[in-house]
Amino acid sequence: MAPYHIRKYQESDRKSVVGLLSGGMAEHAPATFRRLLKLPRTLILLLGGALALLLVSGSWILALVFSLSLLPALWFLAKKPWTRYVDIALRTDMSDITKSYLSECGSCFWVAESEEKVVGTVGALPVDDPTLREKRLQLFHLSVDNEHRGQGIAKALVRTVLQFARDQGYSEVVLDTSNIQLSAMGLYQSLGFKKTGQSFFHVWARLVDLHTVHFIYHLPSAQAGRL
């Protein structure tokens, strides 16, 4: 197991960071596709459509071809929420990481580096909502390279955000993940995050029953000590 350290983002990291974001999101497409295939409406479309065609045409081959021809479209639907997420990120906060995360003292972006390679990322931005009673920080873009998982890097990155939040005087840390990302949800819950609800990120997510799951971590007082 190669050693790693966590440091603030530098502009020279951009290509690696964007690669981790894109690759990490693409990894979830197969699980989304499998979930999509199990949905009742998908089964009705695949099986019901094939059966109707069989009854009309009397051809098993034609019915089978019909079902198989739908699979590429379903795969496209399964990938779309993730590519959409990356596209939005690269047009918004990730378009200029330094400006978005490192221009103010209440936000930051970190990378985990191992053997001079960026193998993990996480960012944190203040939640701009005047109706909130507590000062809240939001965690973004937690990602770890597939070859470096199982080393505690993700947990260390989350703890870095939590300690930053404490140091900056935040009362709460929030984050969003998806119902597909079971290991991520397990990680957050093991660190003390509590689920607060779920929603749909976009119409594409609704089509494949991909829920955004919301979590919150209530920070203890600064006197309670470091994490």
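Backbone N, Cα and C define each Cβ position, glycine as well.
Quantities reported herein were computed from a predicted structural model and do not represent experimental measurements.
Listed in Swiss-Prot for this protein:
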- 61-214: domain 'N-acetyltransferase' (DOMAIN)
- Lys99: N6-acetyllysine (MOD_RES)
- 1-42: topological domain 'Cytoplasmic' (TOPO_DOM)
- 64-227: topological domain 'Lumenal' (TOPO_DOM)
- 43-63: transmembrane segment (TRANSMEM)
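In the topological domain 'Cytoplasmic' (1-42), the DSSP tally of helix, strand and coil residues is 29 helix, 4 strand, 9 coil. Note on the topological domain 'Cytoplasmic' (1-42): residues 74-75, 77-79, 81-83, 85-86, 89-90, 94, 97-98, 101-102, 108-115, 117-121, 141, 143-146, 148, 151, 153, 156-157, 160, 178, 180-181, 208-210 of its chain, located 6 or more positions outside it, place their CB under 8 angstroms from a CB of the stretch. Taken together, the residues in the topological domain 'Cytoplasmic' (1-42) have a mean pLDDT of 94 on the 0 to 100 scale. Residue density at the residue listed as 'N6-acetyllysine': 10 other Cβ atoms are found within 10 A of its Cβ, drawing on all protein chains shown.
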